[in-house]
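Visitor: Dropping the structure in here first, questions after.
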Amino acid sequence: MSHLFVYAKFYQQLHGTPAGSIPSIPAARGLHQCGGLWLPEQFVFLISMELLRNRGRKVPHVITPEMYEFLCELDKKVTVGLVGGSDLCKIREQMGGSAALHRFKHVFTENGLVAYRYDQLICSKDIASHVGEELLQRLINFILRRLSEITLPVKRGTFVEFRKGMLNVSPIGRSCSQAERDAFYTYDKEHKIRETLVEVLRKEFGDCDLQFSIGGQISIDIFPTGWNKCFCLRFLEDYDTIHFFGDKTMKGGNDFEIFSHPRTIGHSVVGPEDTKKQLQDLFFS
């Protein structure tokens, strides 16, 4: 799913201190006051795209004007970046177009496997060349057979989506409507369709150096070990302290690895409004 990271290059005495508990300190060279905190001039937020989706609007997958304006205001105080499991086309759509997307310095699509700095491509990984065609076809064929044995209230189309750096698998099918998506999400919470599928895949492909994680409302992501959201961190080596905000932070969720990574301080949130509130409390109060 498209999580919020906060990156900050703090002075050594602040290293590892949770953002909400950083004490107020005298202004020092290179620091500026942001809300109740003294921060370095270089301070970066990486926002998960899933936390920006507004499911209550007519166009639920597109960021609201209010949230976009909030991010722009935040970007005046700190550097803002975006990360998501989706490809560039979908993230561009979620942000309302290329101009809005490239307004921000760091854009990490497909967990950072395809990475941009502003509008310049800086990294692109290819799952097909990494795992090989034989394993890829074996995996896809197994998934399609397994999905054919699952009965759901509704099924639509596009059950396996091939992306640059991963496979995205949806039991209901990615062509479902928003109402069908929401209904599946509720159904899946009770019947654990995706959780069961992940367990089966781990058992079948446990020796293939692959990871399987639940993301978003309707799908799971499959990628080589290490190609999860932690992949983003290699592009942010200049930042010593990293705060991560995500909603799929439980074990098996596609935020879990970055949420629990030793380089990050993890925060769980439940959606766009909670994300905005936590940011306001930290940096606008």
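Cβ coordinates are placed from backbone N, Cα and C, and glycine is handled just like the others.
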Visitor: Among Asp247, Asp274, which residue shares the Mg(2+) site with Phe259, Thr264 according to TrEMBL?
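Guide: When TrEMBL describes the Mg(2+) site, the candidate it includes is Asp247.
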Visitor: Quick one: among the binding-site residues Ser219, Thr264, which has the most Cβ atoms sitting within 10 Å of its own Cβ?
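Guide: Of the binding-site residues Ser219, Thr264, the highest Cβ count within 10 Å belongs to Ser219.
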Visitor: Whole-number Å only: compute the distance from the Cα of Arg163 (alpha-D-mannose 1-phosphate binding site) to the Cα of Asp247 (Mg(2+) binding site).
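Guide: Taking the Cα atoms only, Arg163 (alpha-D-mannose 1-phosphate binding site) lies 22 Å from Asp247 (Mg(2+) binding site).
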Visitor: Out of Arg174, Arg181, which has the highest number of nearby Cβ atoms, where nearby means within 10 Å of its Cβ, if these are the binding-site residues?
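Guide: Within the set of binding-site residues, the most crowded position is Arg181.
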Visitor: Round to the nearest Å and give the CA-to-CA distance linking Asp247 (Mg(2+) binding site) with Asp221 (alpha-D-mannose 1-phosphate binding site).
Guide: 16
